[in-house]
Structures are given as structure tokens and as C-alpha cells.
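All remarks here apply to the structure that follows.
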Amino acid sequence: MATSSSLFHPIEKELYSVEHNLKSVAGTRHPILYAAAKHLFEAGGKRLRPAIVLLVAKSTSEQQEIKPGQRRLAEITEIIHTASLVHDDVIDECSTRRGEKTVHKLFNTKIAVLAGDFLFAQSSWYLANIGNLEVVKVITKVITDFAEGEIRQGLVHFDPSISIDDYIEKSFYKTASLVAASCRGAAMLNDLNSQMHNDLYLYGKHMGLAFQIMDDVLDIAGSTKSLGKPSGADFMNGNLTAPILFALTQEGKLDQLIQREFSDERDISLALFLIKKSGGITKAKDLAKEQVQAALCCLQFLPKSAPVSSLKELTHFIITRLS
């Protein structure tokens, strides 16, 4: 199975540059914000989002070159993603992320909210300096999508009546919108036609959805060590994801546990057992596979190249994260 480092080989130098720049994003004028941002970016992460932006940029360039604006867009994508995680952790009261203390636990809630706000503002500043108004419009829409997704999620906590379609729509707003918009933005900076913009947008959308579905599978099937946070953390907070929704169609007892919000100390372990027993995890993985197949179809117009191969292989990497 390919590793993320081998998949990123065509953009290895550019990704290293992005990583280096992220660690200095807050500057030294704001010591507390700098410390918070440094903590966030040094905690690591998969950096899949900036990598996808760079791969799209190279895949759609005749010379396989990455423009400065595209490199900056890759950084902006990760900054926006990180800002959203800071706010998510406050809302969900998470204590760890990527195996490290969350910002609001390391500092306090006020600093965490301000750090997230600062990163969103910083991303907007960098975005404006790319100098392409259409790209600015595409990317800034993502920030409103994040808020929309968070509101939708908050309104259906511990609600077993939500559908898979509701879940997919919420997942688009919270996760896939950023990947989709960033892919479109990278293509726009290479002056491609609108159909190509749309195909790459859809690639990003389907990849983002597949990634979110597999994240939700891992939340239930993964270990605390591999996740960097307690397993089952999302559904303990009432966030009902694909494996749970599929399990609900087979296990009536699970509905009862959700309705009482896992109030008994044994409810969580019983819920995990029922989800695994019902085949909910397998069905969720099948849903993720449908998304990656749709993503692959969106790349058919691109000529063969190493960056295109990496974009295709990334789909398999996402699906095999549990292997």
C-alpha cells in the first residue's frame, strides 16, 4: 500500500516549503497567538489538503509547474482547516487533537476562539494578496459553509431520525467544501476552462466526503492511540455519523441508547458493540468507496503524469486507512 510520503513525491519540495511557512504564519507580534499557532502546526497532521492543491496545480500545468499563488493557496487551505479545528474543539469540548492538548486546554477558551479567528483573518489576508477575485470568492464561501455545517450538526445532536442524505450534506459543509473549493481555485490559477474547474471541484468534493466518512469510521473502529483522541468521541457528543445511521436500521436498541444520550456508564461500550455487530462500519466504508469512485471519474480529462497518478492513488490511500 502506498504511503502518504510516496504519494506526495511529485510535490515533495513544495510541500516542505508549505510546512515551513505554516509554522511562521502568526508572526512574533502576537506572542500568545504565535504560541497557539506554533502549537497547532507543530502538532503535525496529514497535510492532505495542501498536498491535493499542489498536485492539482502540477497536474493542470503543461510544464508541471506550481505558481506562487498556488503555493500560497495550499498554505491558505491548511490555515483555514486548522482554524476550523480550533473552533470545533471548543464547541465539542475536546481535550486532545493529534495526540496533543487542544488549544483551549493548553491556554483557555478565549485564546482558542481568538486564535481560530486570527487564523481565519490571516487566511483572508493571504487570499486577497493572491490577486484573483474569482478565487477569493470561491475560497471565502468555504468559511460560511463551515458555520452552516456546525449549525446543522448542532441542531441534530442525538437525533436518530436524520438521514444519510442529511449526513452527507452536513459533511459537505464541514469538510468537503474546503477541499472542493481549493481544487477549483488551483485550477482557476492555471486558466483552465470552466468544465475543468468543475471537474476538479467535484474531485475535491468527493475526496472530502470520502475522507470524512472514513474519519467517522475510524472514530468508532480505531484506537485512541491511532486517532490522537478518545475513540468514540464524536458520537459520545451526539454527532451521529454514517456507521451509526446504518446501524440504526438494524439495531433498535441503539435508538434507545441515543435517545437517552448514553446516560448509563455502559451505554457507550454497548453502542460500539451494536454498531460493529450490525455491519454499519462495512456499509459506511462502502459509501466512502462510492465517493472515491466518483472522484476518480472526475480525473479522466487529465493526461497521464506523476501528479495525476498521485491524485488517483490518494483515493485508495483514504479507503485503506483502516488496513
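Each Cβ is built from the backbone N, Cα and C atoms, and glycine gets one as well.
These features come from Swiss-Prot:
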BINDING   Lys46, Arg49, His81, Arg98  isopentenyl diphosphate binding site
BINDING   Asp88, Asp92  Mg(2+) 1 binding site
BINDING   Asp88, Asp92  Mg(2+) 2 binding site
BINDING   Arg97, Lys174, Thr175, Gln212  all-trans-polyprenyl diphosphate binding site
Cα separation, Lys46 (isopentenyl diphosphate binding site) to Lys174 (all-trans-polyprenyl diphosphate binding site) (Å, whole number):
18
Under 8 Å by Cβ from His81 (isopentenyl diphosphate binding site), same chain, sequence gap 6 or more:
Arg49, Leu178
Looking at the binding-site residues Lys46, Asp88, Asp92, which has the shortest Cα distance to Thr175 (all-trans-polyprenyl diphosphate binding site)?
Asp88
Neighbour-count leader, CB within 10 A, binding-site residues: Lys46, Arg49, Arg97, Lys174:
Arg49
Which whole-number value in Å describes the distance between the Cα atoms of Asp92 (Mg(2+) 1 binding site) and Gln212 (all-trans-polyprenyl diphosphate binding site)?
17
Nonlocal residues around Gln212 (all-trans-polyprenyl diphosphate binding site), in sequence order (Cβ under 8 Å, 6 or more apart):
Ser171, Lys174, Thr175, Ala176
Between the two most separated Cα atoms in Arg97, Lys174, Thr175, Gln212, the residues recorded as binding all-trans-polyprenyl diphosphate, what distance in Å do you get?
17
Give me the count of other Cβ atoms within 10 A of the Cβ belonging to Asp92 (Mg(2+) 1 binding site).
18
